[in-house]
Amino acid sequence: MNSSSINIRPLEVVDLEQVINIELEAHDYPWKKSIHLSCIEQEYPSLVLEQNSSIIGYVVFNYLFDECHLMNITTSVSYQGKGFASQLIQAMYKKAKVAGMQSVLLEVRESNQPALSFYTKEGFEEIGRRPNYYPSQDSREAAIVMRRSL
Ligand SMILES: CC(C)(COP(=O)(O)OP(=O)(O)OC[C@H]1O[C@@H](n2cnc3c(N)ncnc32)[C@H](O)[C@@H]1OP(=O)(O)O)[C@@H](O)C(=O)NCCC(=O)NCCS
């Protein structure tokens, strides 16, 4: 990989088509286009990672008081396992710190082992569980709530 061709920048409306394609491919329970659009309209901070002008991953987050809420981080399936989500989340930490955030909070499906491993490697710790938080194939699924200081 030529790291010089990697660029991380804010997500824009023109990126939506690429982002939705990655979302549909990477998630078992993808966000609808309307959710992505609403995050852009509400000016939630977000970043895309692109290589040679193609989007490979993105992260959408939000600020509440001094806490950054990580809402969605996704790497395109064929680019997973190459450190791109790590690069994106590091860029998010930097941006959130500049905005005065002290910590990052997130919810993750208890069945999402890759994401749990990723967040644990990133230094997140489980601080609670929300039972029946997400819809799932069987009925509902718990969310694990994780937190990391900045
Ligand atoms: C979770 C996700 C964002 C990780 O993206 P990625 O670009 O593959 O992650 P990275 O390559 O930066 O991985 C960094 C570390 O996370 C851990 N990790 C990532 N994917 C993993 C997997 N499938 N299994 C186990 N550990 C994993 C590893 O510790 C890895 O470090 P290592 O490669 O040195 O072992 C990606 O799997 C994804 O997009 N999943 C679908 C969307 C999703 O569930 N998002 C999270 C909830 S919103």
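Each residue, glycine too, has its Cβ placed from N, Cα and C.
Annotated features, as they stand in TrEMBL:
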ACT_SITE  Glu107  active site, proton acceptor
ACT_SITE  Tyr119  active site, proton donor
BINDING   Asn112  acetyl-CoA binding site
DOMAIN    6-150  domain 'N-acetyltransferase'
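Overlay of TrEMBL annotations on the structure.
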residue : record                       : Cβ neighbours (10 Å)
Glu107  : active site, proton acceptor : 17
Asn112  : acetyl-CoA binding site      : 18
Tyr119  : active site, proton donor    : 24
DSSP three-state assignment for the residue listed as 'acetyl-CoA binding site': coil
Where the C-beta lies under 6 angstroms from ligand 1, the matching recorded positions among Glu107, Asn112, Tyr119: Asn112
Separation of alpha carbons, Tyr119 (active site, proton donor) and Glu107 (active site, proton acceptor) (Å): 11
DSSP-assigned states of the domain 'N-acetyltransferase' (6-150) in counts, ordered helix, strand, coil: 50 helix, 59 strand, 36 coil
Distance from Tyr119 (active site, proton donor) back to the residue listed as 'acetyl-CoA binding site', taken between C-alpha atoms, in Å: 11
Rounded mean pLDDT for the residues that make up the domain 'N-acetyltransferase' (6-150): 96
